[in-house]
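Taken verbatim from TrEMBL:
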type     : residues : note
TRANSMEM : 57-78    : transmembrane segment
TRANSMEM : 84-105   : transmembrane segment
TRANSMEM : 117-138  : transmembrane segment
TRANSMEM : 144-165  : transmembrane segment
TRANSMEM : 177-194  : transmembrane segment
TRANSMEM : 200-221  : transmembrane segment
TRANSMEM : 233-254  : transmembrane segment
TRANSMEM : 266-288  : transmembrane segment
Amino acid sequence: MFMGIIIHSFFPDILEIGSFTTAVFSAEGAITIMGVQLLCLGSQLQMKKLGLVARRSAALLVSKFLLGFLSILLIGRLVGNEGIFGVSLLALVCAITNINGSIYLSLAAAYGDEADAAVVGPLSLTNGPFLTLIVLGVSGSASFSAISLIATVIPLLMGILVGNISKTIREFLKPGIQLLLPFIGFTLGAGIDLKNAASAGIEGILLSVIVLGIGGAFTVLCDKLIAGRPGYAGLAACATGANAIGVPAAIALVDPAWKPYAETAATQIAAVVVISAVVVPILTGIYANKRKVGGH
């Protein structure tokens, strides 16, 4: 991932020369490689484990909803939409309710089991404005595409289908989970620009501390109490996805009252995306290794 970040930030044209190079190493390749890994992960998930997926995904989704709700309750009611120390309430809610599914998937594949990784499907509910709109109390039904959710889980469902039909196929696809990890890491890094994070200044750093510190502790707690897990999945779910950068603008379209905060919020969230993409894998690795977990 670090190599991808450096190349994209300082030599972005190298990965955009076209053909196989762009398809495999640029940010454009991330979605394809993730889709293949989802299929491989699904092939290892037996039908009897689907209940575990529902329980574990519920733990993470509930934690994100509560974090956003409590942010509004505590900060919004006390100081208003302006937020605290230059961090608007809009930036906080958009960042803290979002989960970077790509990073979660790669970490779950590295340290968890098939059920942990399969949770990435339901977690797509945090992508875009859907969950944020609910938390903010605005009707967001029109902004949420059911097709997008279906498209996210089809590779996983296909993997579950073929893996349960044939043990041979299940064993054949199993190595693909680990094999694809470095490719996912590089392509994720190739979509992150360090210059965007730098422009947010101290406010972006402060927002990152809140999201990773307070948000991280809370999601780990929910992962333990609700899902009965060690907590590494909760920590892996703390990274904010790049799609969160566009959420403030979407919120402003639905409710113009947020428009004055949208541009600044997007810049601050960009900083969180970069910082959390670097910090969360490191923290999750340390946390998981101390507890000697690893599903594969």
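Here the Cβ of each residue, glycine as well, is placed from N, Cα and C on the backbone.
For the transmembrane segment (200-221), the list of distant contacts is 60, 63-64, 66-67, 85-87, 91-92, 95-96, 231, 234-235, 237-238, 240, 264, 267-272, 275-276, 279-280, 283: same-chain residues at least six beyond its ends, Cβ to Cβ under 8 Å. The transmembrane segment (266-288) and the transmembrane segment (84-105) are in contact, since at least 3 Cβ pairs between them lie under 8 Å (pairs 6 or more apart in sequence).
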